[in-house]
Amino acid sequence: MTDIHNHKILILDFGSQYTQLIARRVREVGVFCEIFPHDVAADFIKNYQAKGIILSGGPESVYDSDVKAPEIVFELGVPVLGICYGMQTMVMQHGGEVKGADQSEFGKAIINILNLTNNIFSNMEHEQLVWMSHSDKVTQTGEHFEIIASSTNAPVAAVAHKNKPFFGVQFHPETTHTENGKQIIENFVVNICGCDTLWNIENIIENDIKEIKQKVGTDKVILGLSGGVDSSVVAAILHQAIGDQLTCIFVDTGLLRLNEGDQVMQVFAEHMDINVIRINAKNRFLDALRGICDPEQKRKIIGKLFVDIFDEEAAKIENAKWLAQGTIYSDVIESASNNQSKAHVIKSHHNVGGLPKEMKLKLLEPLRELFKDEVRKLGLGLGLPYNMLYRHPFPGPGLGVRILGEIKKEYVETLQKADAIFTEELYKHNLYHDVSQAFGVFLPIKSVGVVGDQRRYEYVIALRAVVSIDFMTATWANLPYDFLSLVSNRIVNEVKQVSRVVYDVTGKPPGTIEWE
């Protein structure tokens with residue numbers, strides 16, 4: 001079996017918002033990499049046995065901060081690539097000088113490559129469009145580094161050590177705005193570090209299955225299946241590895257999208273022949289939420305009841321030794337960053353449930369090395385449907401946070417129908433994958449309408465569709481008026497409890513994507 005971790009890159013994080021992008025670009029080239037805080041122990045860096053090290057950007061100023069790259073980085077003899085802050089600290093630690101720029105530079109810029117024979121710029125033209133994001137600049141490279149690229153506002157846009165495989169770029173090759181950024185990453189990782197491209201879906205599947213078999217043996221495994229991307233892919237890889245040793249528990253809260261519970265059962269229980277226990281808990285959730293209007297209270301009630309029901313059912317499964325979870329690599333990074341990183345974490349992720357306290361289960365996380373895009377590709381490789389893997393994000397509390405105020409059975413059914421029409425038309429008009437997220441929101445207010453000669457006094461549905469790269473910011477989707485008119489007409493005509501449809505044109509910020 002191929003050792004997919006044999007050649008790897010170590011990324012030291014100085015707090016850049018783009019650090020995870022660096023890792024994703026390295027992996028897209030076909031090489032495994034991991035992110036660790038910049039102040040990780042020197043012994044750890046030495047024992048990690050990386051083929052190369054990347055120093056990320058960061059929000060600090062090098063000359064005002066004691067945050068530097070560990071000296072061990074430059075003593076190991078492996079290639080080093082410094083990006084933005086990473087370049088600045090590397091140059092300064094080798095006798096160069098960094099000062100505040102007269103003018104900050106954020107956005108696209110043209111750099112001129114002065115030395116095309118340098119390996120970091122192999123297979124590239126002299127002029128390159130790149131993405132800058134910095135307030136400081138290198139003013140003196142010192143005796144060890146030479147300038148290999150420059151721009152109008154950044155005379156030192158890239159550097160190379162005269163004798164060692166150390167390189168620095170002031171711009172961000174990891175962003176898509178840098179036209180040939182992936183080529184720069186590939187040049188460093190493959191050509192300079194000499195990494196073999198072993199990190200691919202076929203090898204990952206083979207490696208994961210072998211690891212799961214070795215770890216689990218003949219033990220039984222429990223998985224909380226939600227129908228979301230992560231738990232679905234965990235179910236598929238575990239089923240392929242250990243077959244009927246896996247039992248999935250699917251808690252149907254009644255707050256899912258229209259027919260979603262049946263679809264989950266169809267894919268996993270019928271088509272894939274996975275042992276899935278479906279718990280119809282709709283009434284328990286409605287009872288628990290009766291009279292509750294506060295969004296945060298609703299979230300807590302839904303989360304706690306989900307865990308309670310899962311625990312009840314899991315306790316009935318005899319001889320189970322493992323609890324599988326859909327933890328992915330970005331969760332691992334965010335969890336670590338809460339304690340160690342300089343990055344400002346906007347939202348942390350918590351898998352629903354965690355380990356039930358009274359159950360002596362070991363944790364199994366087959367996806368913890370993978371980013372979301374890799375999880376989706378893994379799912380395709382395991383035979384899961386494309387539409388399941390590339391669906392829009394759905395909140396953990398489900399429709400509970402898309403029904404404003406109190407949740408009632410009538411409200412849930414009304415929203416499910418309206419939301420399904422919106423989604424169906426997005427697919428029909430090939431717009432679904434043009435937006436990042438789209439859904440309906442139930443407003444518990446009534447509005448007068450007229451259908452035929454009949455006066456109607458029914459509820460209002462708000463449609464929400466946004467375009468976003470990272471969901472930290474978003475713009476409202478400029479969907480065609482004819483399309484919105486069609487969706488509105490269908491909802492008002494087919495969902496009897498709705499008399500009016502509105503479209504949300506609020507960005508994030510100032511609004512959030514979800515209404516609650």
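Including glycine, each Cβ sits where the backbone N, Cα and C put it.
Database features, via Swiss-Prot:
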DOMAIN    8-198  domain 'Glutamine amidotransferase type-1'
ACT_SITE  Cys84  active site, nucleophile
ACT_SITE  His172  active site
ACT_SITE  Glu174  active site
DOMAIN    199-391  domain 'GMPS ATP-PPase'
BINDING   Ser226, Gly227, Gly228, Val229, Asp230, Ser231, Ser232  ATP binding site
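In the set Cys84, His172, Glu174, none of the active-site residues has a C-alpha within 10 Å of the C-alpha of Ser231 (ATP binding site). Taking the centre of the Cβ atoms of Ser226, Gly227, Gly228, Val229, Asp230, Ser231, Ser232 as the ATP site, the nearby residues of that chain (Cβ within 8 Å, site residues left out) are Leu225, Val233, Val234, Gly326.
The separation of Glu174 (active site) from Asp230 (ATP binding site), Cα to Cα, is 25 Å.
With respect to Glu174 (active site), the closest of these recorded positions in Cα terms is Cys84, chosen from Cys84, Gly228, Val229, Ser232. Comparing Cβ neighbour counts within 10 Å across the binding-site residues Gly227, Gly228, the minimum falls on Gly228. When the recorded positions Cys84, Gly227, Val229, Ser232 are screened for a Cα within 10 A of the Cα of His172 (active site), the ones that qualify are Cys84. Under DSSP, Ser231 (ATP binding site) is assigned to a helix (H, G or I) in the three-state scheme. Each residue contributes its Cα atom, and for Val229 (ATP binding site) and Cys84 (active site, nucleophile) those atoms are 34 Å apart. For the residue listed as 'active site, nucleophile', the Cβ neighbour count at a 10 Å cut-off comes to 24, with all displayed protein chains included. Across the structure, Ser226 (ATP binding site) and Cys84 (active site, nucleophile) place their CA atoms 41 angstrom apart.
Cα of Gly227 (ATP binding site) to Cα of Cys84 (active site, nucleophile): a distance of 40 Å.
Per-residue confidence over the domain 'GMPS ATP-PPase' (199-391) averages out at a pLDDT of 87.
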